[in-house]
Amino acid sequence: MGQIEWAMWANEQALASGLILITGGIVATAGQFTQWYLGAYSIAAGVLVCLLEYPRGKRSKGSTMERCGQKYLTRVVKLFGPLTRNYYIRAFLHLGLAVPAGFLLATILGTACLAIASGIYLLAAIRGEQWSPIEPKPKERPQIGGTIKQPPSNPPPRPPAEARKKLSEEAAGVPTGGPQENPMPVNDEVV
C-alpha cells in the first residue's frame with residue numbers, strides 16, 4: 001500500500017478552518033458580541049490562513065490537481081521561502097492563530113478545526129514532508145516530420161482503405177473476384 005501524504009489532508013483542513021474562522025468572526029462582529037474584537041481578529045486570522053493554504057503543494061508521487069487561480073498565490077507563498085515551506089512552522093503558526101479565537105463562542109468551531117489542521121501538519125513535518133510548488137510542465141510541441149510518415153499520393157476525395165487495397169492488388173496482377181476470361185470459345189446461337 002502507498003504511504004499517506006498528510007500535508008494534503010492538513011491543507012484541506014486548514015483551508016476549511018480558515019473559512020470557518022472568517023464566518024464565525026463575521027457573526028461575532030456583526031452581532032456585536034461583548035468581545036467583538038476577537039471576532040475581528042478571527043476574520044484577519046482566517047484571511048491569513050486562507051491566503052497561506054490556498055495554493056496546494058505538489059504531491060511526491062502522482063499528479064496534483066491545481067486549484068483555480070493558484071499560480072498567482074503560489075508566487076507569493078514561494079517568496080517567503082522556508083517560512084512557508086516548512087510544515088513545523090505552519091503547525092505552530094496555525095496553533096498560535098487558533099488560541100485567541102478560542103475564547104469566543106462564535107469562533108470556537110474554527111479554532112477546533114485549525115487546531116486539528118495544526119496537528120496534522122505536525123504529523124506531516126515529523127514524517128519529513130515539506131511544501132513544494134506545482135510547477136507548470138513545459139508543453140512538448142510535436143515535431144512536424146515525426147508525426148507524418150508519408151504524405152498521401154492522390155488528392156482527396158480518396159476511396160476507402162478497402163478499395164485502395166483492391167486497386168493495389170490489381171496493379172500487381174493478382175486475380176480478383178471480378179470477371180474472368182474464359183479459355184473455351186462460346187458460340188451463342190439464338191433460336
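Positions of Cβ are set from backbone N, Cα and C atoms, glycine also.
These figures come from a predicted structure and were not determined experimentally.
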- What does Swiss-Prot say: are Thr34 and Arg85 on the same side of the membrane? no
- Residue counts for the topological domain 'Cytoplasmic' (2-7) under DSSP, helix then strand then coil, are 2 helix, 0 strand, 4 coil
